[in-house]
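Undergrad: What TrEMBL shows for this protein is this:
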| type | residues | note |
| --- | --- | --- |
| DOMAIN | 1-301 | domain 'Protein kinase' |
| ACT_SITE | Asp165 | active site, proton acceptor |
| BINDING | Arg169 | ATP binding site |
| BINDING | Asn170, Asp183 | Mg(2+) binding site |
| REGION | 312-338 | region 'Disordered' |
| COMPBIAS | 328-338 | compositional bias 'Polar residues' |
Amino acid sequence: CITEARLVSEGATASEHKALMSELKILIHIGNHLNVVNLLGACTKPNGPLMVIVEFCKYGNLSNYLRTKREGFSPYREKSPRLRIQVRSIVEAVRADKRSRSFTRDSAILNRLLMNKSQTASSPHFIQVDDLWQSPLTMEDLICYSFQVARGMEFLASRKCIHRDLAARNILLSENNVVKICDFGLARDIYKDPDYVRKGSARLPLKWMAPESIFDKVYTTQSDVWSFGVLLWEIFSLGASPYPGVQINEEFCQRLKDGTRMRAPEYATAEIYRIMLNCWYGDPKERPTFSDLVEILGDLLQENVQQEGKDYIPLNDSQSSEDDGFSQVASSIQQNSD
């Protein structure tokens, strides 16, 4: 098993030490799940370095990976028969999960398909994807990533864990196209990261935050759902930065509160954009739950494999080049719900 060690160096600040210790406590509390970076060990000796050992994800974060795959993206390019068999097997596992209503638990089939390399020879369902760099990125992949993140977030919600910083930069891609949620309070240099914008005395990922988090400092599972909608936008734009061309300031925050939302990203279908808009309802109670999202995206994944992309219609073809990337959410939701 390949591992990654995260440690606090001798010159680390007290806040960095506290952040890593906080992540360690969270990882211990939530336990293991296929779509969450799993804790493998830790070193917390007094007067020694704090070290947390977690799974290693060889393809890095999802944001960077999607950007590197843009040039070769082909929404419905035919994958090899072996890969299509694996995708269909994943869909079968999704159906099994739905029948058993066990969304918060890993199904044995899905684990065999995506995680346990030692079962490659013995499992008739399992096909190893040796190198994702050599495999074309397709619409199936984007929907599958979205489904897996929703599945991981549903598990976190069941463990009463609020992420607060759900974004493509905090999703890691592992072997066999498995995505894993990471960074539960892990210390990062937010002063050098342009995704974190100063608001008052703090630097916050405003583009991913729900209005109630920005204005009232309220964080809930439903504010994570808002962030998931922004993550979907990142996935279906192949790693673009949200709100392109928009200055992130007090006016931006007010526009969010008043109901303006991003337009559909380049590769989103009507169904995918509808999910985003539902995640961006101003009233947190109106947003879908992660259990809802698992079911919706699982259905889309099944439909995509069955139809093989015959009905793919991107929404951005008529978008003006002078557009600022916003749309009025009220009219958009009304149109999409008709």
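Here the Cβ of each residue, glycine as well, is placed from N, Cα and C on the backbone.
Keep in mind that TrEMBL annotations are predicted by a computer and have not been checked by a curator.
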Undergrad: Applying a 10 Å Cβ distance cut-off over all chains shown, what neighbour count does Asn170 (Mg(2+) binding site) have?
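TA: Within a 10 Å radius of the Cβ of Asn170 (Mg(2+) binding site) lie 24 other Cβ atoms.
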Undergrad: By the DSSP assignment reduced to helix, strand and coil, which category contains the residue listed as 'ATP binding site'?
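TA: Going by the DSSP assignment, the residue listed as 'ATP binding site' falls within a helical segment, counted as helix.
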Undergrad: So what's the mean pLDDT when you look at the domain 'Protein kinase' (1-301)?
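TA: PLDDT averaged over the stretch: 79.
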Undergrad: Cβ distance under 8 Å to the residue listed as 'active site, proton acceptor', same chain, sequence separation 6 or more: which residues?
TA: Asp183, Pro205, Trp208, Ser227
Undergrad: So if I draw a 10 Å sphere around the Cβ of Asp183 (Mg(2+) binding site), how many other Cβ atoms end up inside it?
TA: 20
Undergrad: Quick check: in three-state DSSP terms, what is Asp183 (Mg(2+) binding site)?
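TA: Where Asp183 (Mg(2+) binding site) sits, the three-state DSSP reduction gives coil.
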